[in-house]
C-alpha cells in the first residue's frame, strides 16, 4: 500500500496521496487540452 508521490498520477486511487507530518497531499483533477478523460495528480494543498 505505497502512497502516491506528489505530482504523480492518482486518477485510479483518489485517496492514495502521501501524507507528511504537517499535511496530506490532495488528488487534484483536471482535463488536459486534448484529453477525453480527466487526469489526476497528487498536489500540495492550495491553502499552504
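Every residue, even glycine, has its Cβ placed from backbone N, Cα and C.
Since the structure is predicted, the reported quantities are computational estimates derived from the model, not experimental observations.
Feature annotations, reproduced from Swiss-Prot:
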- 3-18: disulfide bond (DISULFID)
- 10-27: disulfide bond (DISULFID)
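The C-beta environment of residue 3 (disulfide bond), restricted to residues of the same chain at least 6 apart in sequence and closer than 8 Å, consists of 16, 17, 18, 19. According to DSSP, residue 10 (disulfide bond) is assigned to coil rather than to any helix or strand. Within the group of disulfide-bonded residues (10, 18, 27), the Cβ with the highest number of other Cβ atoms inside 10 Å belongs to 10.
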